[in-house]
Amino acid sequence: GSIPCAESCVYIPCFTGIAGCSCKNKVCYYN
């Protein structure tokens, strides 16, 4: 929830989701 994963999720899900990242405010965050 606090560390950006250098990925946006405006149109598509987070590919980094497999690494523990989740979508928040159109940006992928880790924890």
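Each Cβ is built from the backbone N, Cα and C atoms, and glycine gets one as well.
The following features are taken from Swiss-Prot:
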DISULFID  CYS5-CYS21  disulfide bond
DISULFID  CYS9-CYS23  disulfide bond
DISULFID  CYS14-CYS28  disulfide bond
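Within 10 Å of the C-beta of CYS14 (disulfide bond) we count 20 further C-beta atoms, all protein chains included.
Across the fold, the C-alpha of CYS21 (disulfide bond) and the C-alpha of CYS14 (disulfide bond) stand 7 Å from each other.
The Cα of CYS5 (disulfide bond) lies closest to that of CYS28, out of the disulfide-bonded residues CYS14, CYS23, CYS28. CYS23 (disulfide bond) falls within a strand when secondary structure is assigned with DSSP. In this structure, the CA atom of CYS14 (disulfide bond) is 7 Å away from the CA atom of CYS23 (disulfide bond).
Listed in sequence order, CYS9, PRO13, CYS14, TYR29 are the same-chain residues at least 6 apart in sequence whose CB falls under 8 Å from the CB of CYS23 (disulfide bond). In sequence order, PRO4, CYS5, ALA6, GLU7, SER8, CYS9, CYS14, THR16, GLY17, CYS21, SER22 constitute the residues six or more apart from CYS28 (disulfide bond) in its chain with CB-CB distances below 8 Å. Ranking the disulfide-bonded residues CYS5, CYS9, CYS21 by the number of CB atoms within 10 A of their own CB puts CYS21 at the top.
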